[in-house]
């Protein structure tokens, strides 16, 4: 997420004018990199950028986060664009409400910020499948991030819609977008030498004329560029010659379940940022504010071992997950103020926080009680992976849980052959007998004719590396009992969409008798908010997901390192709030 130009270059700082009203920007000349420095409107210009993803920040807080960016001394906003949110089903687009990209970019302009857009189609971003929609994987021959026809056709249709949204926001048309990134970190993937020219043409053929950039880590620079686009680099420590721009200077790092929380100390970060600025280099902080991968949108990593990323995308960034100004923020503000001729704007106060009384569990329904609220089960002789289930207008299941059930006539050794993606709880006659995952492949089953059930959780698709094409979830191959493949499945989809949660919450069948078996299951709590809602955090034991008033806050898991889920005030209401767990 950092930019790098291979030649030795000198960059001179030129302050951004205070008001970038999108209606009255002068259109002399856009961002150029034709010499040893950037120019904008024909004048020397240094990019002081920061990344804030609109899809990770509640819309009600967009302005707060961007005002704090401006007050820190930054002049440019960078953001990715997640294809899988904007086209959740093939041909069905969403650029409204939380996903109103036009409104977000226009707000940046109103607040005096330029914009560098990173539209993908692949974005990495520690986001499920790197932002690619899971329905692409319905094609068993799919080759993501290549010129494979199935991928090319899908990208073209998506870019037809996306470019129609963003083109009026380009610098040329009076908007704040001064540069556009071509794909993302392709040098680390590099399967098809025709692919980057294809993506570049996707942009230019649809009328994008602003400066194009590519972004790679140090190892990917050799393979990741494309003719006519400025090469940039992603890094945490300065260990190379003089770049024109560091497009991703990593202010921290992301976390995975079961490992420690990453911290990049403010003093260490400040020393590197100071050196970058001393050299006259442009910079983009990734992340300036990380926010939250709400719901099931977290990614995963797999470099020999699968590791799911946590819900929080705090990233140890200058602005915390909840929008607080950290010591990093104040250090950076002091540093960036030295590169402005006038005092920086005041720092907005952070939203108020409040610790509410516990939301006690009052009612429950077991998984088996809830089956009546799900869609009709799909019958199949063999197991079917999530993406190929005939649900969601035949776009498959993208996220959540899938229940596979079959009947067996005898016990023995059950072996997954490592075909569980990613974790499964195994039941015999609805009694838990064990778990299967990447490390545990066998469970012993008792004798007798029984119903055998697998509740499989998609813990997040890998977002980086060579394994993108293998990110199908659920049961992805044969499960064997005494070396004989299981057959005759009934498959139920639990993707936890708002409509399902609403049906469940409004049902009159909740139980109050906690003596009956209720795990796995759904638990109903209520949170009472006295007065105007305030930001807060939620914690729970064991492992699962938490909803508040229909909003999926994300996953919780006792193994950490994340132990609290961020609950923003705009998602609460005064009085009683529904909290299904």
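Placement of Cβ uses the backbone N, Cα and C atoms for every residue, glycine included.
These come from TrEMBL:
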DOMAIN    37-338  domain 'Glycoside hydrolase 35 catalytic'
ACT_SITE  185  active site, proton donor
ACT_SITE  248  active site, nucleophile
DOMAIN    396-491  domain 'Beta-galactosidase 1-like first all-beta'
DOMAIN    520-577  domain 'Beta-galactosidase galactose-binding'
Going by DSSP assignments with H, G and I as helix and E and B as strand, what are the residue counts for the domain 'Beta-galactosidase 1-like first all-beta' (396-491)? 3 helix, 48 strand, 45 coil
Taking just the CA atoms, what is the gap between residue 248 (active site, nucleophile) and residue 185 (active site, proton donor) in Å? 11
For a three-state summary based on DSSP, what are the helix, strand and coil counts in the domain 'Beta-galactosidase galactose-binding' (520-577)? 3 helix, 32 strand, 23 coil
Segment confidence, the domain 'Glycoside hydrolase 35 catalytic' (37-338), expressed as mean pLDDT: 95
Would you pick out, from the active-site residues 185, 248, the residue whose Cβ has the largest number of other Cβ atoms within 10 Å? 248
